[in-house]
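Student: Here it is, the structure in full.
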Amino acid sequence: MYDLVLKGKFLKNGKLVEGNIGVSDGRIVRLSTGELKGEETLRTGLGKVILPGLIDVHVHLRDFRQRSKETVRTGTMAAIHGGITTVFDMPNTDPPVMDSGTFKMRAKLFRGGAYSDYALGFLLNGNCTEARRTRADFYKAFMGASTGGMFSEDFESDYSCAPGVVSVHAEDAGVIARNPERPPEAEVRAIKRALKAAEMFKKPLNVCHVSTAGGIEEILSAGLPWVSFEVTPHHLFLTRKDYEKNPLLKVYPPLRDEEQRRALWESFSRIPIIASDHAPHTPEDKENGAAGIPGLETEVALLLDAVNRGLIELPDIAEKMHVNPIRIFGIRNKGLEVGKEADFTVVDLKREWKVRPEEFYTRAKWSPWEGKKLKGKVVMTVLHGRVVMEEDEIVGKPEGVRIDAGKGNA
Ligand SMILES: NC(=O)N[C@@H](CC(=O)O)C(=O)O
Ligand SMILES: [Zn+2]
Ligand SMILES: [Zn+2]
């Protein structure tokens with residue numbers, strides 16, 4: 001007898017099967033096409049699919065001195081609402097997470113405060129000794145300034161010193177200084193430099209929010225197995241034309257023209273990770289030119305809508321937001337396998353809904369897709385075998401825990 005049995009359609013080896021998932025003590029104990037008996041049974045019903053718990057490897061949760069933008073609480077509630085069971089916390093906070101003391105404060109904030117599971121990041125900028133003594137789940141470097149204004153004085157040295165996967169914001173500081181509008185060249189040049197370093201150091205590098213045809217081409221043609229990259233929904237679904245109509249859409253790297261956007265889609269099958277780069281700001285800060293777009297509560301639905309439009313297939317979502325993040329960041333306790341934690345994102349592919357950001361959990365009460373009708377919705381989120389969100393309602397407590405990336409706990 002299992003604690004919980006989830007009944008319905010789920011993905012197995014990229015195919016939809018009808019069956020049962022047996023869960024005990026928060027972990028997957030059995031995946032079966034036959035009947036299973038549980039203390040409790042969750043029937044997901046017609047049109048719904050049980051996806052593995054989706055992971056967003058690029059999220060800004062602010063907090064510390066920027067609680068008016070977002071907090072660990074509101075940001076992880078937004079995650080759970082959007083069907084994200086694990087978030088990667090970006091360290092460009094105020095104060096930034098770039099010493100072991102601040103890292104400990106960050107860990108404390110998440111412990112007992114997070115509704116989703118989480119990975120903790122550490123910001124690199126000439127602080128090699130601190131980086132080595134802090135067992136973060138991943139490390140972050142900026143090659144050019146973004147929110148927070150900080151960037152590596154010596155990217156190569158920061159990257160080579162980090163004791164783990166380095167996620168990099170690749171926009172070249174020199175190009176930005178000459179061209180504040182950040183043309184594609186800013187990204188392509190930085191990516192070339194990062195790839196050269198990756199070739200030399202042969203250690204894991206993840207290029208954040210790639211937005212250009214040139215950038216993708218460079219990464220794919222280099223073919224380095226230890227280099228991965230992310231693409232955001234906003235770069236996949238929006239262009240500079242949208243920004244010209246709505247100045248809130250200011251973001252780094254900027255929204256590109258239609259040709260660049262199309263190029264992302266042409267390489268879609270080779271994109272390893274989709275991540276939101278959820279970057280909430282207050283309306284005042286946006287008015288004063290802050291860059292960043294909130295995305296946690298729309299990203300999965302946008303992808304489901306794309307499934308309905310025939311642009312992608314359901315297994316693409318699981319691959320780019322579950323399987324690949326787990327592999328790339330070495331997450332040991334996640335996966336749709338016996339023995340792993342029972343995290344699930346239940347979606348209704350047929351459900352139509354309208355984006356109403358005023359009903360979202362994020363403190364950034366706006367969305368580029370406000371008023372847009374989407375077909376496909378996250379209807380339930382399960383974390384460690386417990387339903388934590390159902391029909392837009394967060395049920396349960398902040399029980400998220402830190403991922404196991406083999407680092408031990410801070
Ligand atoms: N993407 C953005 O425009 N802003 C991000 C920082 C970042 O990811 O570069 C933020 O923290 O606001
Ligand atoms: Zn960035
Ligand atoms: Zn970011």
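Cβ from N, Cα, C; glycine included.
Sequence annotations record features per position, and here TrEMBL assigns domain 'Amidohydrolase-related' to 49-220, 273-388. Per TrEMBL, the feature Zn(2+) 1 binding site maps to HIS58, HIS60, LYS140, ASP277. Sequence annotations record features per position, and here TrEMBL assigns substrate binding site to HIS60, LEU61, ARG62, ASN92, HIS281, ALA291, GLY292. Annotation comment: TrEMBL describes LYS140 as N6-carboxylysine. TrEMBL lists ASP277 with the feature active site.
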Student: Going by C-alpha distance, which of the binding-site residues HIS58, HIS60, LYS140 is nearest to HIS281 (substrate binding site)?
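Tutor: Looking at Cα distances from HIS281 (substrate binding site), the smallest one goes to HIS60.
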Student: Taking only the Cα atoms, work out how far ASP277 (Zn(2+) 1 binding site) lies from LEU61 (substrate binding site), in Å, as a whole number.
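Tutor: Cα-Cα distance, ASP277 (Zn(2+) 1 binding site) to LEU61 (substrate binding site): 10 Å.
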Student: With DSSP assignments reduced to helix, strand and coil, which class does LYS140 (Zn(2+) 1 binding site) get?
Tutor: strand
Student: What binding-site residues in HIS60, LEU61, ARG62, ASN92, ASP277 place CB under 6 Å from ligand 1?
Tutor: HIS60, ASN92, ASP277
Student: Relative to the Cβ of GLY292 (substrate binding site), which residues of the same chain, six or more apart in sequence, are found under 8 Å away?
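Tutor: Same-chain residues close to GLY292 (substrate binding site) (Cβ under 8 Å, separated by 6 or more) are HIS60, THR147, LYS250, VAL251, TYR252, ASP277, ALA279, PRO280, HIS281.
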Student: Test of understanding: give the count of other CB atoms lying within 10 angstroms of the CB of HIS60 (Zn(2+) 1 binding site).
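Tutor: Excluding its own Cβ, HIS60 (Zn(2+) 1 binding site) sees 25 Cβ atoms within 10 Å.
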Student: Out of the binding-site residues I have (LEU61, ASN92, LYS140, ASP277, HIS281, GLY292), which ones have their Cβ sitting under 6 Å from ligand 3?
Tutor: ASP277
Student: In angstrom units, rounded to an integer, how far apart are the Cα atoms of LEU61 (substrate binding site) and LYS140 (Zn(2+) 1 binding site)?
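Tutor: Counting only the Cα atoms, the answer is 15 Å.
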Student: Could you put numbers on the helix, strand and coil content of the domain 'Amidohydrolase-related' (273-388), residue by residue per DSSP?
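Tutor: Split by secondary structure, the domain 'Amidohydrolase-related' (273-388) comes out as 33 helix, 30 strand, 53 coil.
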Student: Return the count of C-beta atoms lying within 10 angstroms of the C-beta of ASN92 (substrate binding site), excluding that atom itself.
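Tutor: So the number of other Cβ atoms within 10 Å of ASN92 (substrate binding site) is 21.
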Student: Quick check: which same-chain residues outside HIS58, HIS60, LYS140, ASP277 lie with their CB within 8 A of the centre of the Zn(2+) 1 site CB atoms?
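Tutor: Close Cβ neighbours, site residues excluded: VAL59, PHE88, MET90, ASN92, SER167, HIS169, CYS208, HIS209, ALA275, HIS278, ALA279.
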Student: Going by Cα-Cα distance, pick out whichever of the binding-site residues ARG62, ASN92, ALA291 is nearest to LYS140 (Zn(2+) 1 binding site).
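Tutor: Closest by Cα distance to LYS140 (Zn(2+) 1 binding site) among the binding-site residues ARG62, ASN92, ALA291: ASN92.
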Student: Can you tell me how far the Cα of HIS58 (Zn(2+) 1 binding site) sits from the Cα of ASN92 (substrate binding site), in Å?
Tutor: 12
